[in-house]
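Written below as structure tokens is the structure these notes are about.
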Amino acid sequence: MKSALFTRFFILLPWILIVIIMLDVDTRRPVPPLTPRPYFSPYAVGRGGARLPLRRGGPAHGTQKRNQSRPQPQPEPQLPTIYAITPTYSRPVQKAELTRLANTFRQVAQLHWILVEDAAARSELVSRFLARAGLPSTHLHVPTPRRYKRPGLPRATEQRNAGLAWLRQRHQHQRAQPGVLFFADDDNTYSLELFQEMRTTRKVSVWPVGLVGGRRYERPLVENGKVVGWYTGWRADRPFAIDMAGFAVSLQVILSNPKAVFKRRGSQPGMQESDFLKQITTVEELEPKANNCTKVLVWHTRTEKVNLANEPKYHLDTVKIEV
């Protein structure tokens, strides 16, 4: 009997010693400091979807720590709006011209298109076109008096003035936001780089124009960052020997000069630009753009006159197609 007990004792003895050693080692470990650990709530979501720890000391304590460690982001400056005033009139290539222009404007951020028809009422063609253009736009109309439609007289005067009047009325009772105005005739072609250049206009900015005045280009002559003359094919003695596509005006300048318009009376052919700019600026104040007026970023392309010699006098097709 005793031998059986001794046998069992010696069998259990190693296991008893192992348990005693393990208990002795565990009790000698240093006790970790009782510090609060962050609690990750499934309802607190940070930037990028990451969970944010909620402090045990209370929500106010946690918010204060975050605000101290991370500065508040500053709001970005507002991008100046570009207002493009485009006179247009009914002709076979009208929709084609406007389509090319819209495809350019659609790629320009913060642009508002003011389209002014030379008509007594808004046409269905232009109304449908603007509705599908996907652009912030305003559709105006004003007819040119018959006596001013003779060859050699300035064109689109009433339409440009209607666009100016709309701008002034829009900002009459509110603080004007940063903006830039330019006159975008529908027979021009524009580089997207031009819109980046004109957006920083402080008062009146200028640049070269291609395929105009019987030359490959016309441009302001610049020395030491100032306009000192004009490279032009016609009447370099004009106060501002520049094409309508060659300048932009700050919105604030337009609003500060409410009487500045394009004139009919006393204005000679080819002098519309000079007569308008004389009312709002001087040559010394002009801001050269396009690398000191050495890059052409707009072209007066003009669509070729359409040959419709074979067009039937009466509509013969079974369907009516808008062109």
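In case you wondered, yes, glycine gets a Cβ from its N, Cα and C as well.
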Identity of the UDP-alpha-D-glucuronate-site residue among Asp118, Asp275 (reference: Pro87, Thr88, Tyr89, Arg155, Arg160, Asp185, Asp186, Asp187, His300, Thr301, Arg302, source: Swiss-Prot): Asp118
Per Swiss-Prot record, range annotated region 'Interaction with galactose moiety of substrate glycoprotein' [choices 124-133, 204-213, 234-243, 254-263]: 234-243
Cα-to-Cα gap, Asp185 (UDP-alpha-D-glucuronate binding site) vs Asn292 (N-linked glycosylation site), nearest whole Å: 24
DSSP-derived structure type at Asn292 (N-linked glycosylation site), helix or strand or else coil: helix
Residues Pro87, Thr88, Tyr89, Asp118, Arg155, Arg160, Asp185, Asp186, Asp187, His300, Thr301, Arg302 binding UDP-alpha-D-glucuronate per the record - widest CA separation, whole Å: 21
DSSP-derived class (H/G/I helix, E/B strand, else coil) of Asp187 (UDP-alpha-D-glucuronate binding site): coil
Among Asp185, Asp187 [binding-site residues], residue with fewest other Cβ within 10 Å: Asp187
The region 'Interaction with galactose moiety of substrate glycoprotein' (234-243) - residue tally per DSSP class, helix then strand then coil: 0 helix, 0 strand, 10 coil
Rounded Cα separation (Å) that holds between Thr301 (UDP-alpha-D-glucuronate binding site) and Glu273 (active site, proton donor/acceptor): 19
